[in-house]
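> Encoded as structure tokens, here's the structure I'll be asking about.
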């Protein structure tokens with residue numbers, strides 16, 4: 001990485017496909033970041049990314065422009081790290097949200113300005129759209145397009161937030177839902193596109209004109225699934241199909257970017273200049289962000305490893321095409337008033353067409369070919385309709401009825417008061433908590449992030465994906481906690497309900513005895529593993545044990561009281577050893593020192609080498625880890 005240039009040199013012995021050219025390739029971008037080694041002088045961290053991308057994005061948003069950031073790259077190259085971050089290394093999405101509310105607090109110091117924020121969070125998996133914040137919207141949501149709004153997801157929840165902790169909480173609960181879905185949908189993977197959207201509305205009262213001016217900005221933050229080659233991952237079966245769907249949507253994104261780049265540079269290709277937005281759900285949904293009313297930035301994440309050279313060069317070429325796209329962003333002022341007016345006019349037209357064929361009672365003014373018998377199905381009643389751009393097209397009354405329903409929903413959303421939006425947000429929040437609690441997942445009211453109980457034993461989910469690991473907590477309450485299949489336990493008989501063909505109706509139980517001992521009891525034929533060993537008999541669990549139920553539900557068992565007791569015992573032993581070492585008084589040390597000029601008495605020789613050393617006072621470590629004299633039964637599986 002040299003300034004804004006990225007230079008990539010083919011590994012030794014590597015031949016680029018279709019060419020014998022093995023010279024270094026140079027790509028120029030707006031920014032090139034080296035983030036491999038923190039000790040390097042040109043290292044760039046999360047703060048650099050936010051300063052260069054996040055802060056300008058917020059500047060644009062507060063001026064009323066739509067914005068989008070999307071991260072592209074192969075699996076494991078750091079897209080999710082850049083967008084969400086891990087641990088203390090907070091990514092660009094949380095940083096943007098935190099800074100946005102800091103700016104809102106400053107702006108609202110002026111009483112004439114009021115800012116409101118709404119969020120939505122969705123994932124696209126195998127071309128299916130799922131709302132991560134509203135559990136009541138089951139299955140696949142439909143992507144629609146309206147001339148007034150552009151592409152949108154029908155029935156997608158838009159929740160009101162008033163502070164950064166509320167957004168943080170929604171992200172956490174959305175990731176919980178994503179974790180559950182990832183485990184349910186596929187045995188080994190959670191690879192999906194995630195789109196986190198912020199709607200920032202600013203209302204300012206102008207004292208001179210005595211009018212309220214409104215600016216609306218949409219901020220779309222997109223974490224794309226990783227691109228990968230099947231032959232490099234060894235994918236088969238469901239994983240291969242999943243990869244094919246993801247690569248299909250990413251290749252469509254590539255074609256859209258290439259088409260937009262050609263349009264921006266004035267190039268024309270055979271077959272016209274049609275941009276294939278609708279070839280995938282992802283590109284259709286990002287239509288405005290990619291080639292419309294938006295200021296868009298792309299993060300291309302690459303790997304420095306030589307074995308990933310082909311994927312890296314592909315990503316760089318992808319980004320090189322994207323930088324040629326020119327969007328035309330405009331300030332969104334008073335957008336709602338215009339859309340409400342247009343929707344009302346459209347609804348009147350549609351109702352008239354649907355009611356009597358387009359004219360007054362008795363069919364006056366209706367073309368003869370648009371008059372149908374009373375029993376004719378709506379699908380066979382074809383009428384002409386004039387679009388907002390003046391074009392006339394023939395559609396069935398069934399299509400008009402569907403469009404009428406969509407437009408009524410849009411109008412209802414636009415006419416919602418702030419109080420109604422707050423009430424809807426609270427209602428969905430309760431539904432989300434209830435849905436997670438139904439599955440046996442612990443929910444701590446008002447707590448942001450993962451909460452681990454202070455006393456109660458519990459299971460925490462584990463995953464290869466750092467974003468999805470340790471998102472879910474299952475409490476093991478005193479007595480018996482039952483585990484069963486979510487599909488067969490329709491009446492909530494099981495306390496913990498999991499998905500999967502290898503999860504039985506009654507899979508196992510966890511017995512939490514009065515003395516604090518927790519035992520897992522597998523049912524006959526159930527697949528239960530503890531620390532890599534299949535068990536068929538009851539097995540006592542200790543804090544830190546790994547438990548696998550079925551094929552792909554992996555947990556870590558935590559017992560806070562047991563861990564606390566072990567720490568206390570360890571501290572007590574350390575204190576005893578310290579006191580033992582300190583019991584050698586100064587007089588004893590003096591007695592141990594040989595008098596400098598006095599002859600030594602035979603048989604009474606002493607030296608400092610015989611004073612107990614702090615290292616020698618510790619007993620030898622056992623061959624395997626022990627807990628209170630009992631084997632922990634760890635294995636390397």
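The backbone N, Cα and C atoms fix where each Cβ goes, and this holds for glycine too.
Bear in mind that TrEMBL entries carry predicted annotations, made automatically and left uncurated.
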> Give the range, chosen from 1-21, 22-42, that TrEMBL lists as region 'Disordered'.
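Matching range for region 'Disordered': 1-21.
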> Any idea which of the binding-site residues 75, 80 has the thinnest Cβ neighbourhood at 10 Å?
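Minimum Cβ neighbour count within 10 Å, taken over the binding-site residues 75, 80, occurs at 75.
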> Considering the binding-site residues 73, 76, 78, which residue's Cβ sits among the greatest number of other Cβ atoms within 10 Å?
73
> What other residues of the same chain, not counting 73, 74, 75, 76, 77, 78, 79, 80, have a CB atom within 8 A of the CB centroid of the ATP site?
71, 81, 226, 301, 303
